[in-house]
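Features of the protein shown, as given by TrEMBL:
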{"type": "TRANSMEM", "residues": "A:23-40", "note": "transmembrane segment"}
{"type": "TRANSMEM", "residues": "A:52-77", "note": "transmembrane segment"}
{"type": "TRANSMEM", "residues": "A:102-121", "note": "transmembrane segment"}
{"type": "TRANSMEM", "residues": "A:133-156", "note": "transmembrane segment"}
{"type": "TRANSMEM", "residues": "A:162-183", "note": "transmembrane segment"}
{"type": "TRANSMEM", "residues": "A:195-218", "note": "transmembrane segment"}
{"type": "TRANSMEM", "residues": "A:224-241", "note": "transmembrane segment"}
{"type": "TRANSMEM", "residues": "A:248-268", "note": "transmembrane segment"}
{"type": "TRANSMEM", "residues": "A:274-293", "note": "transmembrane segment"}
{"type": "TRANSMEM", "residues": "A:337-358", "note": "transmembrane segment"}
{"type": "TRANSMEM", "residues": "A:426-454", "note": "transmembrane segment"}
{"type": "TRANSMEM", "residues": "A:475-491", "note": "transmembrane segment"}
């Protein structure tokens with residue numbers, strides 16, 4: 001890509017004119033796109049009448065972002081990227097990469113100083129400046145901390161990518177104590193529960209779906225059904241028969257797996273789009289049954305007051321119980337212990353899912369799944385029974401969905417059909433696709449980015465400063481989700497980790513060439 | 001007739017209402033190489049697939065090693081050690097060469113795997129060079145070798161080859177056919193192949209059949225058919241070689 005001709009700026013005036021023009025066009029397009037979406041909003045007034053709310057300010061911000069973004073892209077970013085590919089005439093070297101320029105030692109020192117000052121004196125500074133500026137102080141602190149952390153990641157990037165799995169596991173293990181240390185028991189709740197547990201549940205679900213979609217290649221749009229089966233198995237059996245979490249966790253998995261087989265039988269002959277539609281319908285059927293079978297499931301009211309899990313029956317987290325965890329250890333009462341316990345429980349379940357997936361991939365059944373994804377006819381001609389292969393894939397995937405479901409029920413203490421809508425299936429599938437089908441690490445990263453990202457959006461009070469106090473960032477999370485999908489699919493069309501790791505080697509591991517061949521073509 | 005391995009008797013196969021095979025009789029004896037030649041759409045591949053049970057024959061019967069396999073599901077037929085290198089090769093593109101071979105040994109659960117894989121690598125040294133490369137990145141000839149190699153991993157009694165020469169350069173075809181001949185002579189492997197490349201196929205085979213519009217119109221030893229003026233006119237002259 002290196003060109004030795006150094007292009008003297010074609011004509012700066014020309015470039016500026018073009019950038020301005022394109023910025024203007026971008027503004028026009030944005031105006032056209034958003035005038036009805038953002039500029040106008042229907043609302044109900046106090047008399048319950050439908051009224052039109054006009055939001056021209058917000059619309060102006062959207063249009064301005066589009067125009068300025070386009071202008072900067074054309075005028076500065078593109079010429080910059082082009083210069084990055086031109087070698088220096090004197091030294092014959094390419095310019096430093098963006099990352100090495102961005103992570104310089106002086107900048108690190110400045111960022112570290114700002115971070116330290118704001119971490120210790122942030123409160124006083126926040127109180128001293130006008131109220132409107134306070135969120136900005138928080139934001140500067142956040143950016144400084146992120147920069148310092150990112151610098152560390154960048155500096156040790158080779159080591160990190162070589163030992164990613166181990167480092168990630170260690171980070172997850174020390175995550176709850178770290179949060180408790182940083183924010184106290186009450187403050188850690190948000191990070192351990194909303195970020196930690198929530199992400200881990202999605203990782204578990206996505207890894208379960210990965211067996212069906214990623215390994216066996218069966219497109220399942222109704223995966224949330226098994227999640228629902230697991231959650232309701234736990235909720236119902238616990239509230240009707242008083243069974244404990246540790247009995248119901250495997251039972252929920254088995255029941256969900258059983259439903260996986262029930263779904264599997266009628267769809268054995270289907271594949272691709274047809275399979276997707278039938279599984280989609282299956283997911284909706286389960287949800288509608290849950291809504292309408294009010295005698296058992298209490299319909300849309302859901303089931304509340306689900307019993308909490310205990311530490312193998314030794315310590316309970318029920319406030320009334322004599323063996324309450326906090327009482328036994330004479331700690332102050334807090335719900336944080338339970339959340340931290342659930343975090344480690346979720347982590348253990350995730351590790352179990354990963355372990356089973358990795359082991360199965362090396363076993364005949366796992367190899368048969370992958371072969372099935374590649375070519376069904378070839379599978380049959382090699383003596384593989386495709387019927388049992390598909391059914392085991394459905395059952396195994398569903399079983400992990402069931403585990404995740406029962407865990408979800410025990411975490412929420414409440415289940416209702418609203419948690420199991422099609423959108424959930426779509427999100428789980430999106431995580432699997434974004435992560436790279438079949439890759440456990442990629443999927444875990446995708447789950448962290450997508451679920452953590454949407455949670456983070458709730459925290460971004462700074463956005464209210466930009467878009468006005470009416471702006472609720474979490475309403476835009478699907479927009480961000482979609483945007484992220486487009487970006488990933490354009491840059492890395494096969495997901496974060498798009499190459500498949502082979503399961504067998506002759507005598508020694510070798511790097512595998514041709515990772516990026518088009519899928520399904522010889 | 002005791003040495004008959006595969007006996008296709010008066011088989012008719014339909015795709016919906018369309019009759020693809022109109023009463024075909026084929027016999028393959030142990031240790032033979034038998035070929036079926038014919039033009040595009042004559043029903044050659046359909047015959048091969050019918051032997052494998054997908055689609056199944058509507059009338060007539062397929063007997064393998066004294067056992068009626070007409071109504072058996074495909075994977076059970078494969079378990080009787082009928083291995084197939086299907087039309088279009090159908091290797092697993094995202095799996096490595098080594099893993100593809102592993103899939104071929106599914107029947108014995110890798111019991112003879114190391115021994116057999118060495119044998120295949122001696123037969124097709126190219127595959128050894130490419131063993132950790134993804135199947136989809138191989139050239140057409142290498143894919144064909146892999147497809148045959150994968151079929152051989154099942155330790156077959158009968159090897160079915162569907163157009164092994166399709167889309168390959170003549171030199172590579174020669175190499176592949178030489179490998180088939182070698183297997184047949186050294187290990188007594190029985191081979192039934194379907195080919196459009198009539199000249200090469202007939203030269204390789206002990207016996208041959210000619211198929212036209214779903215019917216076998218001619219049969220005889222490879223040499224006889226090669227010398228037959230009708231066969232020459234229809235399949236050899238003006239076409240290949």
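Positions of Cβ are set from backbone N, Cα and C atoms, glycine also.
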Residue numbers, six or more beyond the limits of the transmembrane segment (A:224-241), whose CB comes under 8 Å of its CB atoms: 205, 208, 248-249, 251-253, 255-256, 259-260, 263, 282-283, 285-287, 290, 296-297, 303, 305-307, 397-399, 401-410, 415, 417, 419-422, 424-425, 428
Among A:102-121, A:195-218, A:248-268, stretch most in contact with the transmembrane segment (A:162-183) (C-beta, under 8 angstroms): A:195-218
Contacting positions for the transmembrane segment (A:195-218) when only residues 6+ beyond its ends and CB under 8 Å are counted: 175-176, 179, 226-227, 271, 275, 339, 342-343, 346-347, 349-350, 353-354, 357, 360-361, 366, 369-370, 372-374, 389-390, 393-394, 396-401, 403-404, 407-408, 411, 427-429, 431-432, 435, 437-440, 443-444, 446-448, 450-452, 455
Spatial neighbours of the transmembrane segment (A:102-121) far in sequence, C-beta under 8 Å, 6+ residues away: 137, 140-141, 144-145, 147-148, 150-151, 154-155
